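Chemist: Handing you this structure, nothing more for now.
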Amino acid sequence: MGSLCSKEHVRDPPLPAPAPADFRQLHKAPSQSLKQLITLTAKEDSAVVAPVVHAVITRSESSVKPRPKPHPQPQPAPVAAEKKTPVVVIASLNKSCSTAGAALPTHHRRATVDAAAGRNPVHDAAQDAADDNSPYGDVPQGFSGEHVIAGWPTWLTSVAGEVVHGWLPRRADTFERLDKIGQGTYSNVYKARDLETGKIVALKRVRFVNMDPESVRFMAREIHILRRLDHPNVIRLEGIVTSRLSHSLYLVFEYMEHDLAGLASIPGLRFTEPQVKCFMSQILDGLHHCHSRGVLHRDIKGSNLLIDDNGVLKIADFGLATFFDPAKPKSLTSRVVTLWYRPPELLLGATEYGVAVDLWSTGCILAELLAGKPIMPGQTEIEQLHKIFKLCGSPSEEYWAKAKLPDVTLFKPQRPYRRRIAETFRDFPPTGLDLLDTLLAIEPSDRGTAASALDSEFFRTKPLACDPSSLPKHPPSKEYDAKLRGKEAMMRQNAAAIGGKGSISVKPGRNEAMPKAAPAQEAIGVDHQRRQQAAARVNTKSSSHHYTALEDSVAGFRMEPPAAPAPSTMQMQMQSAGQFGSTWYRKDEHHQRGGMKRTTSSLRVSNLPVAHHLTSQRSCAPSRGGTDLHPSSSAVRNTNSKYNRLDVAEPANALDRPGPGAGKKDMGIRDAPSAYQGQGFGGRNRRMNYSGPLVPPGGNMDDMLKEHERQIQQAVRKARVDKEKTNNNSSSRRNNY
Ligand SMILES: Nc1ncnc2c1ncn2[C@@H]1O[C@H](COP(=O)(O)OP(=O)(O)OP(=O)(O)O)[C@@H](O)[C@H]1O
């Protein structure tokens, strides 16, 4: 990958919105082996053959051959003829699958969930009709029998069989697991060796909680999107590993040694202008491809920008991505994008948006690369919004006037902020500053597109982008490694502190405390788990495991038991401070992405008017970004009820439809504790799903933030004094002995 000029060829012309034909084009290619398999199956009892057959992938050039002709639609056939021809076998299996589907038709499932959510039934009907026309709506009936024969588990094919169409699953024991290299909110990522090719790959293991169809559907959407993309700057999904024994899937990716967050956290490392241009042009190239294929990434950040040893950057983690069509805007959730990279319109609750959200995040990355640190590290949504306003200026009167927000006064600062990008980043190269100014435009339509960014002066003026292969080589560096290093250092500090040699610091490092969209990662529970992992790493000589061994442990997650949330030092400090009235505390928040538990941390204030659910917060649906609201502020509640959860707001196609399990998610607050056992939680009608900022009615954002700051300092001071007292007491006790 070279400078911008040398990369022109990889840019795609904008494509029309994804059409059914596109998808079929991409996927109408069951491999030759599958065809043979079907023939074989005709001779054997399919029930015997199916488990045995785990043919080799998938997407490798050798195995995926163009389909000679489309599969015939299933025809009713006499039972006696079932084992005689492949067509009949497929038809037979399809029949049972479609019967299962008929038990709860998609429109019925939607109706159930949306009634609970209080949505407009007219809109729902229109949406359902649109979904019925979706390219994927009818696919399972046509192909799921084939999938079952191919060895795909029914829990997958019955929910989202279309996404694996044309692919065959890989067997787990054809990989050797080498090391854990990443941890996402709902996945673990392992380095592994493909025993068939010797190639090193990354395996992303996606866990499912009780095979919740909604979780499966969300994972399926990621697969679906990944299969639509094909570009040197977008991670390539090479195959899928399934196991009939375990309730998880492994996505097979090309292995990438670094991620941008990890590289940026190497002490003392600063990128030169040519290097920044090299990374940025690759990000924008990949993004342009995604957008031109109708995909919004919605979680652009350093740890999702993977880099290989040749300096090639690839956009990864499409877990929050969605399809979009600018010609047919649909309602999307605003609860996406990791907080530091989240654009103002999403913080304000916008549900109609497009490529501009990714461009904002890309702007944040550009500034981060040039500045050497994240530019807007907010801890809560309100703080994030405040940081944005302080740097980029507050929105114009016109913006507020046309913003379709029920209570703009809740978000609108009392006095306008002026834009200060140029003075804040006066050391940036002028063309870089211009590009940044465009990407960080408050008005989404002013951010342009990935293509216009690539055409900007920044990439045309000298010094030009360096060639990726000329980038300096570093040992494998991931955000995950940086976090582990941080945790190990913290453990050492803690050990020293326990030994009475020093004080405990909980100041977050560069890679810590970055609140994600609904799913933030730096959680107390996760910290505890990672600390254990870090300790295990220190003590373990080799972490190589054979997948067969892993298979045994998968069902019970013996490899990584879910740790009970342990109080962090911060939490303890804050709680102890709380005894004296000021009750800042760091709280676990369990979120779910499609039913999978997510955990996040945030600072909350509870001496502001207390929401009536506050006392049951630990067992009820989480708010986002640490925002408790005035109980009497119905305006606030209404505002926030518009902030859709990822799992309810985007029923755009078959993959997004709430499944039969969705009913379980409609539990109200009182029912919620079972969510912690993995069933999902939160009713859309009764559940308080606050996403908006913490603003007392009539409050002023500046005053409020100052007050928060004061309270934090007070709480920390108090905690320190308490700690010193405790230390003194224990040392005087020791002396007494
Ligand atoms: N192909 C790959 N090669 C090497 N490392 C990878 C690869 N894919 C992912 N990783 C590592 O694993 C981490 C987690 O992966 P990923 O972001 O896809 O998971 P996730 O569960 O979706 O995470 P998140 O919580 O950020 O949404 C990444 O930050 C990266 O460090």
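Placed from the backbone N, Cα and C atoms, the Cβ positions cover glycine too.
Predicted automatically and left uncurated, TrEMBL annotations should be read as such.
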Chemist: When TrEMBL marks a stretch as region 'Disordered', which of 59-82, 467-490 is it?
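Modeler: Comparing 59-82, 467-490 with TrEMBL, region 'Disordered' matches 59-82.
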Chemist: According to TrEMBL, which of these ranges is region 'Disordered': 1-22, 23-44, 287-308, 441-462?
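Modeler: It is 1-22 that TrEMBL annotates as region 'Disordered'.
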Chemist: Using a 10 Å cut-off, grab the number of neighbouring Cβ atoms around the Cβ of K204 (ATP binding site), all chains included.
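Modeler: By my count, 25.
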